[in-house]
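TrEMBL has this to say about the protein:
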- 12-30: transmembrane segment (TRANSMEM)
- 36-60: transmembrane segment (TRANSMEM)
- 67-87: transmembrane segment (TRANSMEM)
- 99-115: transmembrane segment (TRANSMEM)
Amino acid sequence: MQANDVRVLKGAAVPTLVVGLLAALIAVFTTGAKGALGAGIGLVLVAAFFTIGLVVVSWAGRVSPMAMMAAAVLGYVVKVLAIMAMLKAFEGTTAFDSRVFALSVIGCTLAWTIGEMRGFMKLKMLYVEPEAKVPGQGRG
């Protein structure tokens, strides 16, 4: 990963961790240990999925812009299918509070998305290379 990607990752991971820990703390007092476990699993799930997605898109971006777009779209599809599989696997579980799990996933996803957007907006990335040669122009 490049330094810019690490900055974006940190900018997204820190607020997500805060929201996840806050959700677990609230869940302990409202629903007990099962709620805290559900919030913790939600935090880990969101952090893992989004971190892997950011790393893959970052790697693909070094290959080519088209590969980056393909990786982003494919990564999104894989994440949606994987979360559906996880939800189906946990459908009837009594080990943790599924409602707190769902709320934690929603809260952590929002925190990650906002943190990631903020991180990208703060980057000073060049969209056009300063002294790039334009094909077809003479030495004018």
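Note: Cβ is positioned from N, Cα and C throughout, glycine not excepted.
Same-chain residues lying 6+ beyond the ends of the transmembrane segment (99-115) with a Cβ under 8 Å from its Cβ atoms: 11-16, 18-20, 23-24, 27, 31, 34-36, 38-43, 45-47, 50, 90.
Long-range Cβ contacts of the transmembrane segment (12-30) within its own chain (Cβ-Cβ under 8 Å, at least 6 residues beyond either end) map to 36, 38-40, 42-43, 46-47, 50-51, 54, 97, 100, 103-104, 107-108, 110-116, 119.
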